[in-house]
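*Asks:* Reproduced below are the annotations present in Swiss-Prot:
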type: ACT_SITE; residues: D76; note: active site
type: ACT_SITE; residues: N124; note: active site, proton acceptor
type: BINDING; residues: D76, E263; note: Mg(2+) binding site
type: BINDING; residues: 77-81, R89, H93, 121-123, W125, R127, R244, 250-252; note: substrate binding site
type: REGION; residues: 1-58; note: region 'Disordered'
Amino acid sequence: MVRNERTLKSTDFPQLPPAPDDYPTFPDKSTWPVVFPMLPPSPDGGPRRPPQHTSKAVAPRLSAAQLPTHVAIVMDGNGRWANQRGLHRTEGHKMGEAVVIDVACGAIELGIKWLSLYAFSTENWKRSVEEVRFLMGFNRDVVRRRRENLKEMGVRIRWVGSRPRLWRSVINELAIAEHMTAGNDVITINYCVNYGGRTEIAEATREIARLAAAGRLNPERITESTITRHLQRPDIPDVDLFVRTSGEQRSSNFMLWQAAYTEYIFQDKLWPDYDRRDLWAACEEYASRNRRFGSA
């Protein structure tokens, strides 16, 4: 697969210029839910610039050739963050909401075009009934609460995952978000709920088997591209950079097919303590690596 889908020269730098000093900032974690600031209209009438980080840090300067097109993140550590503070696990999930939006803002500032966020895995159903119930309602509410903020910044939101067991209310809110942001092209955020890499591959395999059994597909002509075309979102590009927070070093069944040649970066911060500057640091490390894709 081509490393970068954009028609940019290696000398092009897709980062946004530094924001004016008085431009709105995010996040102010003194309240919950964290309030998203009112953003001034874009001079050209297009998507609004994301709020700058409260530190007023500026995205690093990376050329298009150095930048990952697709970043996948396992947002890990919410429960441990809460446990360390003597709080209920759900408090960690709640504090992670602002981080999702902050990282999305940072991805836009840096020039990343695809961001996949692991919000709820097919294995997470093994958690307590109480926590699963909370996570279903929480994901539904986060999508409802934040989709307008993301829309005005030019974000295209899409759900990636499987329907079985997933609450209908969650599916409905994701469908609304997807419809209202379908025309945006600043960045695509794949919000992965009830997602599992093995499940995705199994679903694709079943569909291919049905086509072959019906005589509509020659089994001898099945290739990697055939499988890709039958994944949940066939247009998702390969993952360039795979980030996991909390210090754990495993993929946890996320984007298995798409991450065949990804660069893994494991960061120690728990997700509620993470922010866009950590994403930028991961991208700088990625830019320093030599990706050979099997060549010498």
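A Cβ is built for glycine as well, from the same backbone N, Cα and C atoms used for every other residue.
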*Asks:* Going by Cα-Cα distance, pick out whichever of the recorded positions D76, N124, E263 is nearest to R244 (substrate binding site).
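*Replies:* Of all the candidates listed, D76 is nearest in space.
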*Asks:* Which residue, out of the binding-site residues G77, G79, shows the minimum number of other Cβ atoms inside 10 Å of its Cβ in this structure?
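*Replies:* G79, out of the binding-site residues G77, G79, has the fewest neighbouring Cβ atoms within 10 Å.
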*Asks:* For the C-alpha pair, I'd like the distance in angstrom between T122 (substrate binding site) and D76 (active site), rounded off.
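*Replies:* Computed Cα spacing between T122 (substrate binding site) and D76 (active site) is 15 Å.
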*Asks:* May I have the DSSP-based helix, strand and coil counts for the residues of the region 'Disordered' (1-58)?
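*Replies:* The region 'Disordered' (1-58) comes out at 0 helix, 4 strand, 54 coil.
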*Asks:* Given the residue listed as 'active site, proton acceptor' and D76 (active site), what distance in Å do their CA atoms have, once rounded to a whole number?
*Replies:* 12
*Asks:* Tell me the coarse DSSP state (helix, strand, coil) of G79 (substrate binding site).
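*Replies:* The residue in question, G79 (substrate binding site), is helix (DSSP, three-state).
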*Asks:* Quick check on the binding-site residues: of W81, W125, whose CB has the lowest count of neighbouring CB atoms inside 10 Å?
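*Replies:* With the binding-site residues W81, W125, fewest surrounding Cβ atoms within 10 Å: W125.
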*Asks:* Cα-Cα, whole number of Å: W125 (substrate binding site) versus E263 (Mg(2+) binding site)?
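*Replies:* About 28 Å separate the Cα atoms of these two residues.
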*Asks:* Check T122 (substrate binding site) against DSSP and tell me helix, strand or coil, would you?
*Replies:* coil
*Asks:* Taking DSSP as the reference, which of helix, strand or coil describes R244 (substrate binding site)?
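*Replies:* Going by the DSSP assignment, R244 (substrate binding site) falls within a strand, counted as strand.
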*Asks:* Determine, from DSSP, whether E263 (Mg(2+) binding site) sits in helix, strand or coil.
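*Replies:* E263 (Mg(2+) binding site) sits in a strand per DSSP.
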*Asks:* Looking only at DSSP and grouping its letters into three states, which state does H93 (substrate binding site) belong to?
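*Replies:* It is helical.
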